[in-house]
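TrEMBL has this to say about the protein:
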| type | residues | note |
| --- | --- | --- |
| BINDING | TYR4, PHE5, CYS6, GLY7, SER8, ILE9, ARG10, TYR19, GLU85, SER109, ALA110, MET111 | substrate binding site |
Amino acid sequence: MHIYFCGSIRGGRQDVSIYQKIVQKLQTYGEVLTEHVSHSQLSEKGEYAVLKGDQAIHQRDMDWLTLSDVIVAEVTQPSLGVGYELGRAVAMEKRILCLFRPSSERSLSAMIRGADDGDLVQVQDYTEDQVEAILEDYFAKLSKV
Ligand SMILES: O=c1[nH]c(=O)n([C@H]2C[C@H](O)[C@@H](COP(=O)(O)O)O2)cc1CO
């Protein structure tokens, strides 16, 4: 299974340790195409220096999104890029799980929470200690569809 993980990069790297925990768990279910999002060495500057600029990042990520079977997004730290990826993924009718931590005291955008249709797009509130169990439950159900 190809899994596309979305998390904030230029939107701020405060939650990188949680991204790591999620990606490690996702790797037990398949190949995480965007593993780099969870790398602690990746700064708010993004991969600009590594790749041939933003156009190359966008093209590669759109190719990966097209290839992916499921998208898991940590949406607590607001990120334009994550919002864009989710909009494109919805348009592609992909299966999407968004994870949000209410303990952040942020209010999740209506354009994300309101996209939950109880089927293809699911938005789940969670606390950090619940994240592995939530993913286990999600992927167990996924294997039955
Ligand atoms: O260097 C990058 N590499 C990359 O893969 N992305 C993608 C993956 C992330 O899920 C998302 C983060 O967007 P943003 O940088 O706007 O927070 O965009 C984003 C950047 C920088 O914007």
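Positions of Cβ are set from backbone N, Cα and C atoms, glycine also.
Keep in mind that TrEMBL annotations are predicted by a computer and have not been checked by a curator.
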Inset, instruction - With an 8 Å cut-off on Cβ-Cβ distance and a minimum sequence separation of at least 6, pull the same-chain contacts of TYR4 (substrate binding site), or say none. - result: VAL32, LEU33, THR34, TRP64, LEU65, SER68, VAL70, ILE71, VAL72, GLU85, ALA89
Inset, instruction - Using CB under 6 Å from any atom of ligand 1, narrow the binding-site residues TYR4, CYS6, SER8, ARG10, ALA110 to the ones that qualify. - result: CYS6, SER8, ARG10
Legend entry - For substrate, whose listed binding residues are TYR4, PHE5, CYS6, GLY7, SER8, ILE9, ARG10, TYR19, GLU85, SER109, ALA110, MET111, the greatest C-alpha pairwise distance in Å: 22
Inset, instruction - Would you mind checking how many other C-beta atoms are within 10 angstroms of the C-beta on SER8 (substrate binding site)? - result: 23
Inset, instruction - Count the other Cβ atoms sitting within 10 Å of the Cβ of CYS6 (substrate binding site), across every protein chain shown. - result: 26
